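Shown next, in structure tokens, is the structure this report addresses.
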Amino acid sequence: MTSVAKVYYSQTTQTESRPLMGPGIRRRRVLTKDGRSNVRMEHIADKRFLYLKDLWTTFIDMQWRYKLLLFSATFAGTWFLFGVVWYLVAVAHGDLLELDPPANHTPCVVQVHTLTGAFLFSLESQTTIGYGFRYISEECPLAIVLLIAQLVLTTILEIFITGTFLAKIARPKKRAETIRFSQHAVVASHNGKPCLMIRVANMRKSLLIGCQVTGKLLQTHQTKEGENIRLNQVNVTFQVDTASDSPFLILPLTFYHVVDETSPLKDLPLRSGEGDFELVLILSGTVESTSATCQVRTSYLPEEILWGYEFTPAISLSASGKYIADFSLFDQVVKVASPSGLRDSTVRYGDPEKLKLEESLREQAEKEGSALSVRISNV
């Protein structure tokens, strides 16, 4: 029995891809495979001011290490700040021992004679520890007002910080990491039509409600007036084998885009891996358990679109009759008959080694008369 041959490629984010505005330009993909933006923002006027105006979003987007550092520094800073204020109150009222108060003197805050004592009183008051060793007397109405102000301000601060922590934890970002796109898109015939296909799977048992997959074709475009648009965006529609607009994503599904005369992909040289474009895929849905909107993104470059392949079936039945989704087969593709009706352009920019190797594999498959599985992985 002939063994199945597999070929692995290493694909990094920094690639020698086709130029946007001319030959010889190195560029990175606009969107990484895991959905992160590769766009760098520069020369934004008053950027810091704009971020400070929207503190809520700024704190939520902040990385955890900076958030924890800011959280600790904020509490320690307020304890010390109000500790200094309590110390100044004690100085103004003559409560310090070095000021030699009279024997019948009643301090504003009992047992606060040093800056350290004032700091401890501030900490105990703000955290509502209340050891009882240091306490406010009725001698100073100003001290009572100061205590109320400290508790109100720090409570508001605690609510804000706690809210940003909870909002960051509750974001559906981690839920999006359990939605998986296939590493490659494939082009083959489906129901007698040439189709570009991608595979999507939900790796949790909880469902996504109202799933929709949309695509954006990013490429250089020249208008009739001669204007060059560096990243022109064109909608690419995807569908599944169902009449519903919201697929039931309980098992891995294959989404199809029919490459016909109305398709924005019809003039692209998909077979040769040639061209300067990027296909961005976006899956949107509602998380069943939290009702939060979740969005997952990925992108495909020309060399990540395989011509004349289809996905290996990844769903099977166990001996007990249960459905099994085998994710070891999720990214595997198998050679099939090439679809007809699509452009077959001469290779100009394709990776010569890759194309030569794939051609030799096709010839080997024809000689052996067996299906050839080619898997190209990103690392």
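Placed from the backbone N, Cα and C atoms, the Cβ positions cover glycine too.
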Could you tell me which of the ranges 44-49, 128-133, 182-187 is annotated in Swiss-Prot as motif 'Selectivity filter'?
128-133
In Å, rounded, how far does the Cα of GLY215 (ATP binding site) sit from the Cα of CYS108 (disulfide bond)?
68
What does the DSSP secondary structure composition of the topological domain 'Extracellular' (132-140) look like, as residue counts for helix, strand and coil?
0 helix, 2 strand, 7 coil
Write out how many residues of the topological domain 'Extracellular' (89-114) are helix, how many strand and how many coil, based on DSSP.
8 helix, 2 strand, 16 coil
Please state whether DSSP places VAL213 (ATP binding site) in a helix, a strand or coil.
strand
For the recorded positions listed here, CYS140, CYS211, LEU217, which shows the highest count of neighbouring CB atoms within 10 A?
CYS211
To the nearest Å, how far is the Cα of CYS108 (disulfide bond) from the Cα of GLY210 (ATP binding site)?
63
